[in-house]
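K.L.:
One structure follows; several queries about it will come next.
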Amino acid sequence: MRGRHVVEVSSTYKRGATKDHINAYDKQEGSVRHTGYPSWRRPFPHVVVATLASFLFGYHLGVVNETLESISLDLAFSGSTLAEGLVVSTCLGGAFLGSLFSGWIADGVGRRRALQLCALPMIIGASMSATTKNLWGMLLGRLFVGTGMGLGPAVAALYVSEVSPAYVRGTFGSFTQISSCLGLLGSLFMGLQAKGIVGWWRACFWVSVIPAALLALLMEFSAESPHWLFKSGRTAEAEAEFEKLLGGADVKYAYAELSKSDKGEDSGAVKLSELLHGRHHRVVFIGSTLFALQQLSGINAVFYFSSSVFKSFGVPSDRANICIGVANFLGSIVAMILMDKLGRRVLLLGSFSGMVVSMGLQVFGASSFPSSTEAFYLSAGGMLLFVLTFSLGAGPVPSLLLSEIFPSRIRAKAMAFCMSVHWVINFFVGLLFLPLLEQIGAQILYTVFGAFCLISVIFVKRNVVETKGKSLQEIEMALLPVE
């Protein structure tokens, strides 16, 4: 019976997504659906602790936004655009390295220990940045912080998806995006005093040590992922962690569901060639393409350079950055509410469609047709709408969706590969945005970004499946390709 089912759903790898191919799993002979809902309150504190990694990601992403000018003056590299760019991009380079090895670390030591490990370079790096007397100390500190930034969010997405009940997995998965937004807003508010108080930028780095230390400490008391324990052959411990996360009444069902996946495979045998050309290459392609399109939409160009757009219209950069941060936060809250109601695919389609419209407003605002006042409202309004619609789906959904559709055996390493693609594209968008803006102008560049958003709509419609309400085992069985 299973063989027939595998043949049926594996055809989706050839023809793209269909509305009910995952639901085919439920039609298997002898398949029993669990009608009860385990309490969300048990896994909730564990999820909150894990999202501290995402908070730190957002904080360190924005900590140099308002403080960079003060840092350059104190460390004697003011006026050097190369040095200023290195302070930002070194962190991105570290994040690429961290994300590249995150899967091997998460599979090697477990999700809980990996999250504790990500806190260590963040503590060391933030302390180095806060105490440095020269540019090289700052760059080394940012490199350390970056490795933690790359490791933390990828593992947090894995951990949250694996400890959350299916019916709230989307909501809990959205917490990582909300936490990143709070971290970004926190860094912007901390940076407001940087220009008024000498040496305040050092305090901005010191503050980040507190959540990093809390992450390392509190994860010691948090549950380990039962999925990782089961995959590692530690079945008794996996059952005990289910007890901690779900309560006694739901342990047997959860353990039975987990037992449906293959237990005997060695996760350490997963190689890069298998991800690129093996039996799971289709889902890896979908995942990496989603992250690439997310970055090619131009979102980080907006985050990094929104200040200059607002400043050209006479709006102070600090006010502009806070507006961007608030729009991102509000959209993430709405996404959290809708994630398990509308589903991942609907939010992605609506999000990328809204981003197409938002870029259209900015393209028109950059043209010669509107007056200066109209151009401001079109450009600024389009930018805020772009961030808002991004945070509704294109921001929070990819990491959650990928942690759901990747089979247990390759989940951590496939996430690591896709996150590495994310950081590479992120780096080049940040590197090339300003030169391209000078060479081809805002109108053409925003048109290119809008085109990528439109391509994203088409890609999601053809390739992305709906996963809301399904257990990770149901999704894995439904998408299992033919050997």
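The backbone N, Cα and C atoms fix where each Cβ goes, and this holds for glycine too.
Fair warning: this is a prediction, and the values are worked out from it, not measured in the lab.
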K.L.:
Can you check which of 213-231, 346-364 TrEMBL lists as transmembrane segment?
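P.N.:
When 213-231, 346-364 are checked in TrEMBL, transmembrane segment belongs to 346-364.
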K.L.:
Mind checking which residues of the chain, 6+ beyond the ends of the transmembrane segment (82-102), have their Cβ under 8 Å from one of its Cβ atoms?
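P.N.:
Tertiary neighbours of the transmembrane segment (82-102) are 60-61, 64, 68, 71-72, 114, 118, 121, 135, 138-139, 142-152, 154-155, 304, 412, 415-416, 419-420, 422-424, 426-427, 430-431.
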K.L.:
Applying the under-8 angstroms CB criterion, which one of 43-62, 138-160, 346-364, 376-402, 440-460 scores highest with the transmembrane segment (283-307)?
P.N.:
376-402
K.L.:
Short question: which residues 6 or more past the ends of the transmembrane segment (138-160) have a Cβ under 8 Å from it?
P.N.:
47, 50-51, 53-54, 56-57, 60-61, 71, 75, 86-87, 90-103, 105-106, 111-112, 114-115, 117-122, 124-130, 132, 169, 172-173, 175-176, 180, 205, 212, 225, 399-400, 402-403, 411-412, 415-416, 419, 423
K.L.:
What parts of the chain pack near the transmembrane segment (414-434), using Cβ distances under 8 Å and only residues at least 6 beyond its ends?
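P.N.:
85, 88-89, 92-93, 95-96, 99-104, 106, 150, 153-154, 157-158, 272, 275, 280, 283-284, 287-288, 290-292, 294-296, 298, 300-301, 304-305, 399, 402-403, 406, 445.
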K.L.:
Tell me if the transmembrane segment (43-62) touches the transmembrane segment (346-364). I count contact as 3 or more CB pairs below 8 A, with pairs 6 or more residues apart.
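P.N.:
Since fewer than 3 Cβ pairs under 8 Å link them, the transmembrane segment (346-364) and the transmembrane segment (43-62) do not come into contact.
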